[in-house]
Ligand SMILES: Nc1ncnc2c1ncn2[C@@H]1O[C@H](COP(=O)(O)OP(=O)(O)O)[C@@H](O)[C@H]1O
Ligand SMILES: [Mg+2]
């Protein structure tokens, strides 16, 4: 009897939570037009001479969270500022949905932006910060205060409304910045390295918060980061940039399982993927790859978890076990890390258990899993395997509630 | 521990000496203002007058149209300070945030004017004003001081320290340059602006040379010029001069005491960040 009542209570609670989230979604998508962002042959040169971005084209799907990922200085902020309208392109066109916004300024594009240092107005209270965009848009005072409070509740800073930004913790300032960015019902939410000023633990927490807020509001979101782990955990899809060029633009899993080029293979995943000059190990791959790959391949890349003991019962890439020399092994908690000398290079393997290890300096037999082994040609493009069968569906916009 | 104490004692001694050096003229002024005429020139000098001559203040006040001078000083100081702050804020914003053709050249040009000594500007300014028939008007007292590049330079440094992201954020939120300047930049630079304003108030109130040169009737003369009334061919009436000086500088001392927090904050800030 009492058990049953508990159960009913629980389901009622779950129902309430869902209903609340549904209402929130309607609430916050009200007035926002959820759109995709299209770049057509966009170039940008700050000095009109050297292109920082060179002729790039892509479509950021609507209602999803997309990461721009790349090393510092690769043009992520530049791309973001082109979307926001703070920069205008030297060449090419930018579309929001069907609308060509290339010539429109930042205000007309109605984007919300969160900066790395939050850029909160230091002399205004939290509530005034959140309400500022609405004040600029001449929303009536009572209306904007009401919505300001709702937004504060969405990002969980409703108890800090009268404080000044300097009285808040980094994570709280971040939340206020997000609320302010959402205050004008933006068509697109842009975040430029929003977590890099936070400590590691808070970074993970805020990452989940941003994910939650994005899901609840359904707003098209572009998130810039140089941290591949952050990108993998938060994004629906990731655009990897390097030196102003798009390296690959797909889902996190596909980036990991099918890197288009050596840069992506090395940038995604931890520990960093092992690379060996293909010539050193060509004989081992004779029976595995076609002859064209044997002649064109210059680098083979192997993920640490794809190197397993020869006794591993699962599928192996090569018929015969491979031989290397055990250099060193370390155990941290439940992780074992093994350094192997293979093909004249030291590679890291983490698919071994303690009992599979030999002695340092002695030869050790190992096998490769079929996944996580790639061959790249001279220019760094993947030439093998051509496609890897995975269950990843191609980009499909999730359903968005339009109110 | 003792080393720390010695250095602390040394610091206190130096600061005390400095304070005394600054205070002695004021004390001497007050003491002279309360003496009789013979006592002012007595050797050895006395610090505390035998009989305090309070009526010196009344005599001095009536010796010249000090009420008019006082009102004139008030008008000139207020208008100059407000005008100068206005031009300074606009110019500092332009040099700090806007991009326009010839910006760097203009800035260098203005910077080089800071090397021209003020005395050299007296004659050209006088000639210019007389061509506009502004001599002996409030215009002559106010117009040359409506812009100060030193103030622009100081405020530009303060403005530059405000992060660019704030400007971008405000732009995205729908704020115009004008609105951003007055609702963000100015409130955030409050202490620097107050310091610039106070320095101009003091400078303008105490200005002597320029008003003396460009005015010749009591109608537009200011307080410091009025002090001339006590100096004649027959000599100087020190006790009256000092009594008048006391009420001339009294408003400035009050202003300073009320706002010293801002002056110090503003100066130390622009110094550190510059
Ligand atoms: N305002 C600017 N003027 C000139 N060059 C710039 C400017 N901003 C960025 N750059 C250059 O453009 C490149 C890309 O910068 P950015 O987009 O900020 O990189 P990221 O955000 O990926 O670190 C860098 O080489 C940087 O030096
Ligand atoms: Mg950046």
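The count begins at 1 with the first shown residue.
Just so it is clear, glycine is given a Cβ too, placed from its N, Cα and C backbone atoms.
Keep in mind the model is a prediction, meaning the values are calculated, not measured.
Database features, via TrEMBL:
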- B:70-259: domain 'ABC transmembrane type-1' (DOMAIN)
- B:9-30: transmembrane segment (TRANSMEM)
- B:69-93: transmembrane segment (TRANSMEM)
- B:105-127: transmembrane segment (TRANSMEM)
- B:133-155: transmembrane segment (TRANSMEM)
- B:192-213: transmembrane segment (TRANSMEM)
- B:238-259: transmembrane segment (TRANSMEM)
Stretch-level contact, the transmembrane segment (B:69-93) and the transmembrane segment (B:238-259), CB cutoff 8 A, at least 3 pairs: no
Contact set, same chain, for the transmembrane segment (B:238-259): CB under 8 Å, 6 or more residues outside the stretch: 29-30, 32-37, 39-41, 53, 56-57, 59-61, 63-64, 66, 194, 198, 201-202, 205-206, 223-224, 226-227, 229-231
Cβ contacts under 8 Å made by the transmembrane segment (B:192-213) with residues that lie 6+ beyond its boundaries: 73, 76-77, 80-81, 84-85, 88-89, 122, 126, 141, 144-145, 148, 151, 154-155, 158, 186, 221-225, 228, 249, 251-252, 255-256, 259, 262-263, 265-267, 269-270
